[in-house]
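Here it is, the structure, as structure tokens.
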Amino acid sequence: MCLLLQSLVLMALCFHPASMCPKGCACVHGNGLNVTCSHAQLKEIPLDLPPDTALLWLDHNQVTTIPDQVFKELHLLRELNLSHNAIRTLGENAFKGVESTLLVLDLSHNRITTVQKSVFALLKARINMDNNPWHCDCTLQQVLKGMAYNHESASRLLCKSSELHDHGPPRPFLAIDADLCNLAKRTTDYAMLVTMFGWFTMVISYVVYYVRQNQEDARRHLEYLKSLPSKPKKSDEGDDISTVV
């Protein structure tokens, strides 16, 4: 009888009540509550995750976006695995509420091309961002500069495309020896210069056309005046006769 009671107590401690575990997931107590939702065909993050979740596995699903503050109630969360999904978008405050507790974040094998500048700013977690089609631009450069705890992860990040418009196989982000923020500014300045030059050229062309058109009108007017018959002059003989009479 005592042995049976001990077994029931052990099971109660090890397994989380099914009513509090999200559908398609398994909840087991170990080193904290481990919630496993792998291969569950999920298309979004479950909203009924137990608040005492410490390890959360959401890998190998069909999640496409991580909304703002979706993990804010998980104050004990230490590990979060979001790998092997179809994630394209991370909300700017996607990890708000777990900044101080999260130690491991896996975002590998997704479809992320860019993120908001501050999305990882307050995280101290070790972040795996491998195998995403990153577009390396000014924003991503600023993101990685703010990830003081993830130099190793940044060194493995490959650029599928970049502001340098180079073509070829993906290459490490840190191999791009250029300030992409200044590059973007120079590109903008160049575009403005080209636009201004275009407007200036158009104005000059209009002025030249206007002057030439006026010259042509003046020439035609002068030719018209020349073509008019001149008034006949009175002869001197007629004048003399008029005087004698």
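From the backbone N, Cα and C atoms, a Cβ is placed for every residue, glycine too.
Got these off TrEMBL a minute ago, pasting:
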- 1-20: signal peptide (SIGNAL)
- 20-55: domain 'LRRNT' (DOMAIN)
- 190-211: transmembrane segment (TRANSMEM)
Would you list the DSSP helix, strand and coil counts for the residues of the domain 'LRRNT' (20-55)?
1 helix, 13 strand, 22 coil
How about long-range neighbours of the domain 'LRRNT' (20-55): same chain, 6 or more residues beyond its ends, C-beta under 8 Å?
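Result: 13-14, 61-67, 70-71, 73-79, 81.
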Can you give me the average pLDDT across the domain 'LRRNT' (20-55), rounded to a whole number?
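Mean per-residue confidence for the domain 'LRRNT' (20-55): 95 out of 100.
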